[in-house]
Amino acid sequence: MDEKVFTKELDQWIEQLNECKQLSESQVKSLCEKAKEILTKESNVQEVRCPVTVCGDVHGQFHDLMELFRIGGKSPDTNYLFMGDYVDRGYYSVETVTLLVALKVRYRERITILRGNHESRQITQVYGFYDECLRKYGNANVWKYFTDLFDYLPLTALVDGQIFCLHGGLSPSIDTLDHIRALDRLQEVPHEGPMCDLLWSDPDDRGGWGISPRGAGYTFGQDISETFNHANGLTLVSRAHQLVMEGYNWCHDRNVVTIFSAPNYCYRCGNQAAIMELDDTLKYSFLQFDPAPRRGEPHVTRRTPDYFL
């Protein structure tokens, strides 16, 4: 299809998605094919220029994503970096991930979308995205288009050579950013190893490496963060993956910050959400927000396990 014609169509899709109306199956298919072409050119450590606004987990909370854009600025006016976990748990995973992918295809230089541990075939079959696709489309094709696309998402991003952004955390198999650049990311998230760790690990108060209670990834202490940042010339590791009640949380003597962008997570946790604005000198400020007023919830039949991934 002619590029101009596609762009016009894409703008109509984005308009529709902004009203929380899903695309057709065939539209999703062509969107995902286009997105693959763009993402395949991106690095495992995708370079991003400031100013940029960094966001954590969204988890299918579509109306809260709208609130995020209201507070942080519309795309493409604001340059965005999302650190994964677009789907599962919330009621609108389909609309949420479709919108973010559509914005990526339309404004590729102004939005970066990384992979989270929920951007996986296995996890989405347990925590809601698979069932939602089935319910909204009557088959699993859309789930397949998206989960195939997830394999192409960059694992990490580097803002102006200084702020390292990723979903989960560090890995005992990785000392340098070059180690990450050398990984083959075009696969389902493995159960162990460096790629798994980047999407699953958590910072901890205890020093060194520890066994993660999540059953994947590791816990890592302040000594690990400091060593990693120093070795790679970084000032900060910015990550998501954990519910924090204020929406953001510093740890490891400000070597690590956690950002969580799903307010009142799972519609019951009572937390605030936050995003981190980095200006053109890399000065940061946090914007906190509460849930957007919601319409009536769709009826969801299956109750998912209560484990916070």
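Glycine is no exception: its Cβ is also placed from the backbone N, Cα and C atoms.
For D57 (Mn(2+) 1 binding site), the same-chain residues that are 6 or more apart in sequence and have a Cβ closer than 8 Å to its Cβ are M83, G84, D85, G116, A240, H241, F260, S261, A262, Y265. Under the DSSP three-state reduction, D57 (Mn(2+) 1 binding site) is assigned to strand. The feature Mn(2+) 1 binding site is assigned by Swiss-Prot to D57, H59, D85.
Taken from Swiss-Prot, the feature Mn(2+) 2 binding site applies to D85, N117, H167, H241.
Its Cβ placed at the centre, H241 (Mn(2+) 2 binding site) has 28 other Cβ atoms within 10 Å. Among the features that Swiss-Prot reports, Fe(3+) binding site is placed at D85, N117, H167, H241.
The phosphotyrosine annotation in Swiss-Prot covers Y307 and is backed by similarity to another entry.
The leucine methyl ester annotation in Swiss-Prot covers L309.
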Return the residues near H167 (Mn(2+) 2 binding site), defined as same-chain residues 6+ apart in sequence whose C-beta is under 8 angstroms from its C-beta, sorted by sequence, else 'none'.
M83, G84, D85, L114, R115, G116, N117, L198, L199, R239, A240, H241
If you run the three-state DSSP split on D85 (Mn(2+) 1 binding site), which class comes out?
coil
So for H59 (Mn(2+) 1 binding site), how many other CB atoms are inside 10 Å of its CB?
28
